[in-house]
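> I'd like to ask some things about the structure below.
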Amino acid sequence: MTADDFRRTLVWWLVLGILAGVVAVVYVTSVSSFHAIIDRTNSSYDFVIVGAGTAGSVLASRLTEDSDVKVLLLEAGGEETRDPNLHVPLLSSLQKNPDFEWMYYTVPQKYAAMGMNDRTLRIQRGRALGGTSILNNMLYLRGSKRGYDEWEKAGCRGWGFRDVIPYFLKSEDNEGDNFKPSAYHAAKGPLMVTPVSSPHPPLDDTFKQAAQQLGYKDMDCNGKESLGYCGAQATTKKGVRVSTSNAFLRPAMARQNLHVALFAHVTKVLISNGKAVGVEFLRNGRREIAGATQEVILSAGPVATPQILILSGVGPKDLLSDLKVAPQSIIPVGENLFDGLMVPMRVFINESFTITPARSTSVISRMKYKVSGAGYLPMPAGMFGHIFASSEEGSETPDLLISGMATLPEAWEGFDWNLKPNILKEMTENSDNNEEGMILMVQLLTPTSVGRVTLKSTNPFEHPTIDPHYLEDPADIKALIKGMKLAFKLTRTKAFKRLEPKLPRRFIPKCSKHKVNSDPYYECLIRYLAVSSETVGGTCKMGDIADNATVVDLHLRVKGIHQLRVVDASVLPSPLSGASYAPVVMVAEKAADIIKKSYQRRHKRRHS
Ligand SMILES: Cc1cc2nc3c(=O)[nH]c(=O)nc-3n(C[C@H](O)[C@H](O)[C@H](O)COP(=O)(O)OP(=O)(O)OC[C@H]3O[C@@H](n4cnc5c(N)ncnc54)[C@H](O)[C@@H]3O)c2cc1C
């Protein structure tokens, strides 16, 4: 090809790219102008759902499949389509976007966050249609079968693996060649799952071979085995993020029986004679009310759902009394908060395999992405593979996850782990000199430390107090140290050798006094650098109604209040050895079935 031919081809591709962009904008604008988004709500609906996030979007879609059922979906944020970068997996996962977030922080942590400003960690939550599914890392990780069977043993009858797998399959549309429909995978649901393919296969191969050399066999992250190596699977479609908004909600927004109110901040559930009859919300500074003849369903996420419940008089006795809120039901709302932690091990390498901002946003990279959905940009956070491991010898249940990330996040503008400026400076200087590098992200999947969400005041706009008590239980630090040692061992395998892996020089003075690769050294790094793995859950624990620690029963009904349910990450009773996107979608699918059946029963009774 001559230089002229090349230039001409380039111009054609550019024109095509621009045309595709225009078509996308027209499409997005037309989709977002569906009549479902309304300015004035009716006085009453059958169901009012609070929060159009991960769970709320699935519920709204499933409940309105019956055209007789009228649903109002209230969302505090706006449309997620306002920022096209949110749909590009790499950019959205590495460049944070405060316009679409609640900007929560934990309170200062006693045992963790030593390297962070004010010893607080960020807790990210999405604020728009799709909720946190518009800014998460899209990794499709259901967690091991054993986790669900443990739930069942602990009193969650009907939530064992055999009960929940049909609901995972109901939503899944797996397009991977190795994940044909089977007992573990399906291809007809709305949530597309795609194997992540890295633009640098030799890096994936190195990680995979290193895992094998340490005895971790190949497996499917969402299959029969629980321990081993697996290639990443993500909820993307042709390189574009699949949120629950574009997978579930937007297709349902053509239905006459669904109304969606944006920028509607719900302040409380209206409870009359022990029954939820509607909600109060603020929009454009005005107080509005929407009635619910069947049910109010809270899907505002594990931080905001407890806040709304407490403001409505449903919560722990002392807290309600301190806040002077009239009690409606005394139950442990906000307790039992769990969240995983992750610690980056940065590894510098000798090959040009790193996804840098310059490489991934180059004209060639963007064109490749536009034309074929390939290249760097479809990779969520640059992650390509995982090792599921156990810190306890002989255990079949993973509590550690080591993920390979083909990037150094600190190189990205907008990267924000709330690190103290001196630590961030050291880190960036370290990576400036070593542009080629990767992260072995060590994650504690099943923490035993337990925290809580409480309120300082009855102001619905004041952020709740989030205290996860990270690393309070010594078992958590012990497990993470084993994880760091495993990551170090990976860098010492024969497979890794050809990349000449180098760990950065020691950049936290307090940790430098310990011997490298010793327990105290890793403990120090963990206490300074660990960040939330964003698997917050448990704040409205599901379980046996007779168990004093539970907030909702096995049908997700709030104890002591009729016609009120919680359907979101709050109800997860304990951490799973995976992540929480797929499990929350599963919970919403199962809840929709439970609610539909109960509605049909009530409906039949009324008409017989
Ligand atoms: C950065 C990040 C990366 C992650 N990566 C992964 C991953 O790769 N894989 C994975 O499995 N999980 C991941 N997760 C976790 C997963 O995405 C969440 O657990 C899950 O999406 C939570 O769903 P939810 O329905 O409970 O809440 P959300 O999706 O947060 O929905 C709550 C909705 O309620 C709205 N709302 C809140 N308060 C009010 C109010 N008062 N009135 C009206 N509306 C309100 C919110 O704006 C939001 O839209 C990640 C999370 C984060 C933050």
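Any Cβ shown, glycine's included, is placed from N, Cα and C.
Pasting the feature list from TrEMBL:
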{"type": "BINDING", "residues": "Thr132, Val266", "note": "FAD binding site"}
{"type": "DOMAIN", "residues": "126-149", "note": "domain 'Glucose-methanol-choline oxidoreductase N-terminal'"}
{"type": "DOMAIN", "residues": "301-315", "note": "domain 'Glucose-methanol-choline oxidoreductase N-terminal'"}
{"type": "TRANSMEM", "residues": "12-38", "note": "transmembrane segment"}
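Each of these features: where is it, how hidden is it, and who are its neighbours?
Around Val266 (FAD binding site), the same-chain residues six or more apart in sequence whose CB sits under 8 Å from its CB are Val50, Gly51, Leu74, Ala76, Val279, Glu280, Phe281, Ala300, Ile308, listed in sequence order.
Residues of the domain 'Glucose-methanol-choline oxidoreductase N-terminal' (126-149) grouped by DSSP class, helix first, strand second and coil last, total 9 helix, 3 strand, 12 coil.
Across all of the domain 'Glucose-methanol-choline oxidoreductase N-terminal' (301-315), the predicted model scores a mean pLDDT of 98.
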> Return the residues near Thr132 (FAD binding site), defined as same-chain residues 6+ apart in sequence whose C-beta is under 8 angstroms from its C-beta, sorted by sequence, else 'none'.
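Thr132 (FAD binding site) has long-range Cβ partners Gly53, Thr54, Gln124, Arg125, Gly126, Gly301, Glu534, Tyr581.
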